[in-house]
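Record features, source Swiss-Prot:
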DISULFID  CYS97-CYS189  disulfide bond
CARBOHYD  ASN5  N-linked glycosylation site
TOPO_DOM  1-25  topological domain 'Extracellular'
TOPO_DOM  51-57  topological domain 'Cytoplasmic'
TOPO_DOM  80-100  topological domain 'Extracellular'
TOPO_DOM  121-139  topological domain 'Cytoplasmic'
TOPO_DOM  159-196  topological domain 'Extracellular'
TOPO_DOM  220-236  topological domain 'Cytoplasmic'
TOPO_DOM  261-272  topological domain 'Extracellular'
TOPO_DOM  293-314  topological domain 'Cytoplasmic'
TRANSMEM  26-50  transmembrane segment
TRANSMEM  58-79  transmembrane segment
TRANSMEM  101-120  transmembrane segment
TRANSMEM  140-158  transmembrane segment
TRANSMEM  197-219  transmembrane segment
TRANSMEM  237-260  transmembrane segment
TRANSMEM  273-292  transmembrane segment
Amino acid sequence: MTRRNQTAISQFFLLGLPFPPEYQHLFYALFLAMYLTTLLGNLIIIILILLDSHLHTPMYLFLSNLSFADLCFSSVTMPKLLQNMQSQVPSIPYAGCLAQIYFFLFFGDLGNFLLVAMAYDRYVAICFPLHYMSIMSPKLCVSLVVLSWVLTTFHAMLHTLLMARLSFCEDSVIPHYFCDMSTLLKVACSDTHDNELAIFILGGPIVVLPFLLIIVSYARIVSSIFKVPSSQSIHKAFSTCGSHLSVVSLFYGTVIGLYLCPSANNSTVKETVMSLMYTMVTPMLNPFIYSLRNRDIKDALEKIMCKKQIPSFL
């Protein structure tokens, strides 16, 4: 019966967000504003880095790729969510669901690896400033970016192919606002052991190890700065690491809690809210925390704005 159901299924029904109907328009406006902010913030970063030659450095190479990953990561789920919030029967085609899983994993993993590269870049810049250019050579930076893209491609493809092997009952209802992998496993009609094993085995090198490397990098940064005891050095340590670590902890904390350490007590509402944190909030905050507060980015933006204003006075 599962084989018949698997071939017959053409779409999934999404329950969406657990909000009262009377607040639907309010949350629609809120999520639309958040999505547009995410698009605008990340597009500004990418354009500025492309146009300003002074930003053609290792750190901004990683930043531009991270902005692209965040922009696409948010676009994987947000447009469909906004569309379904205006639909009487929120659904997603079977092929669209698999595509959403693939790109969700791809851009999520890509941002994950880029955060590690950025943490390492800051570590070298602060702890080994005299050797920064020799260590962070263009060849190494490009290699790190290419490696990130390659690893994410294979990881996302593996999980997508494993999901495609599963059988689903007709009229399958997903208690989520997108095709979340862990939620799909709960509604599958066939054995999900291989999928769960792949998540557990690959979760370490893909999620936990990068998180630990980021923590170690920032810990070394703080330790290096504290070797020169002064109020200025302490302020520099917190300004350099505090805001970055808060977003990193928010992203990794929710991902690890949802996928690597799932609890039987986790309700659908709790899982949905946790998912909102890393699918909406983190991509929106990253441009402000990593780039828009940066003096180089502000200078580049001011130069472009001045160039556009000068012809109007001529």
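The first residue you see is number 1, and the count goes up from there.
Just so it is clear, glycine is given a Cβ too, placed from its N, Cα and C backbone atoms.
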Have a look at the disulfide-bonded residues (CYS97, CYS189) and report the one with the fewest Cβ neighbours inside 10 Å.
CYS189
Any chance the transmembrane segment (140-158) and the transmembrane segment (58-79) have 3 or more Cβ pairs under 8 A, given the pairs are 6 or more apart in sequence?
yes
Beyond the flanks of the topological domain 'Extracellular' (80-100) by at least 6 residues, Cβ under 8 Å:
9-17, 24, 27-28, 31-32, 35, 160, 163-164, 177-179, 184
So how many of the residues in the topological domain 'Cytoplasmic' (51-57) end up helix, strand or coil by DSSP?
4 helix, 0 strand, 3 coil
Mean pLDDT, the topological domain 'Extracellular' (1-25)?
72
DSSP says what for the topological domain 'Extracellular' (80-100): how many helix, strand, coil residues?
13 helix, 3 strand, 5 coil
On the DSSP side of things, how many residues of the topological domain 'Cytoplasmic' (121-139) fall into helix, strand and coil, could you say?
16 helix, 0 strand, 3 coil
In terms of Cβ proximity under 8 Å, which residues at least six beyond the ends of the topological domain 'Cytoplasmic' (121-139) contact it?
58-59, 62, 217-218, 220-221, 224-225, 240
By DSSP, what is the split of the topological domain 'Extracellular' (159-196) into helix, strand and coil residues?
17 helix, 4 strand, 17 coil
Same-chain residue ranges lying at least 6 outside the topological domain 'Cytoplasmic' (51-57) that approach it to Cβ under 8 Å:
296-297, 299-300, 303-304
